[in-house]
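Quick look at what TrEMBL lists:
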SIGNAL    1-20  signal peptide
REPEAT    128-161  repeat 'TPR'
REPEAT    194-227  repeat 'TPR'
REPEAT    264-297  repeat 'TPR'
REPEAT    298-331  repeat 'TPR'
REPEAT    399-432  repeat 'TPR'
REPEAT    468-501  repeat 'TPR'
Amino acid sequence: MRKILFFVLFVISCSTINQAKITDTAKLYNSFMKILSFEQEGRYDEALKLLDELLAVDNDPYLVLKKGNILIKEERFDEAKELYLRYVQKYKNEKIYYSLSYLYRTHYKDIDEAIKYLKKTIEVNEKEEYLFELANLYEMKGDFSSSVGIYNKLIKINPSSEYYYRRGVLYLKLGLEKKGIDDVKKSYEIDEYPLALYRLADYYIKKGDKAKAIDMLKKVIKAHPNQRSLSFKLGRLLVDEERYDEALSVFKSLENSKDNLIKITALKQIAAIYFDKKDYKKSLEYFKKVLEIKKDDLQAYYFAGFLSEALNKDDDAIDFYKKALEIDSDYVQPKKRLSVIYTKRKDYDKAQKILDSIKVEDRDVDYYRLKAVIYYEQGKYKDAIGVLQKGLAAGYDDEDLLFDLVINYEKMKDYKNAEKYLRKILEYNPKNATALNFLGYMFAEHGINLDEAYDLIKKALEIEPDNPAYIDSMGWVLYQMKRYEEAYKYLKRAFLLAPDEQEIKEHFIKVLKKVHPEKTPDEILKEKE
């Protein structure tokens, strides 16, 4: 029996048939060409029938692989698997083992079996690419130690930057930071492997060393200036470090990009930086640039409105908010801001109408607070309380809403309820300096519970020692306790800190008459000078 070289098969697959049992070369050639033709035309059953005829007289692995291939195309995965398994029971073949491993990994998602047959592949031929794939399979399985072992072999075969990098990442996953960082650094030393610096930057971010992370990212970007995502990451890190000028430089390098998405993102970042720097005029300028490119950007319209408010351009703010609502009539934030502007303008009907257009399911604590403000500004304290109580019933018992209740009860001279809600605030947050001071001052004003008032205001001052209102409160409670000399020290300090505050000035005049009747507040101010 002679061995036949399948020339066509060699040309197509670089595979040699070593045990051919077919003696008619012309017939073999014709059969194989038919198989290829049937496969191209999608006539898989006919191709498989011919392959079975060939396999009946020849166990050539190429024929096995070709049949397996067609079965997989038809999604007959189990048949392909059984075909390969039958073959490897008799013959150790690299390609069949590899095909089994691939099938288990991609179709059956059975990593253990994929590893098993890839290891058998490597026993036949320890090729670098097989080892690399095995390392990846171990990593997919979460067996990082075994993956490291494979990379140890790979690095001996080929000490490439990628292998050092990947082993370094695995060491980091195993908690072996020094080994991991050493490998990642090594990968960069070999050929400036770009991912190495990116990984080092991530590592330093997690360690809280943002300065080092910034240095790493700058190096990556210098080597790979087209990596826009890295530039954005660098810019945001610089913002976190309050290195605003450097951040602006990074984002401004992107604002002329031809890619509108990159350009818009950069413009928004620049606007946000100017906002953080309280340069509202510049911030607004950049949000307007966003709107020149993307005329339906809700976020840009909202912030343009908000910044216009900050710049006392309420008419412009109204226009921006209304444009946002033209795009999305349910957008809640512009409605809230419009309510604020209309309330400031005493256009209470408009303020209430825009608030009430908010869907019931979207009404948060701000809705109840803003609606209460509309009533408060009209002196309708009872109505304001009613709205706030509805907010409480809806589950919004946060400190701000409770404090709004306190203010309205105090306006109605319902000090009992004012005290009740102040104490509730302090139950939630014993360090709420505003509530501590308010309750203490309310007691002092009425000349009651002066010892408790003193303690409450003392706590407020421990939290905010330089707040002139709190200093005034302490002076006033001491005045009510007839401890005039001590009261004078506090009230004088409060007056010097806030000489234009009428109530503080009135308190100081009263204590001044008790302690230094010969002096006037203006003389005290001159003494300061």
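Here the Cβ of each residue, glycine as well, is placed from N, Cα and C on the backbone.
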Lying 6 or more residues past either end of the repeat 'TPR' (128-161) yet within Cβ distance under 8 Å of it, the residues of that chain are 98, 105, 111-112, 114-115, 118-119, 121-122, 167, 170-171, 173-174, 186-188, 190-191, 193, 196
Would you kindly list the residues that approach the repeat 'TPR' (399-432) from elsewhere in its chain, counting only those six or more residues past its ends and only Cβ-Cβ distances under 8 Å? 365, 368-369, 372-373, 376, 381-382, 384-385, 388-389, 391-392, 438-439, 442, 446, 459, 463
The DSSP breakdown of the repeat 'TPR' (468-501) into helix, strand and coil residues is 27 helix, 0 strand, 7 coil
Over the repeat 'TPR' (468-501), what is the model's mean pLDDT? 96
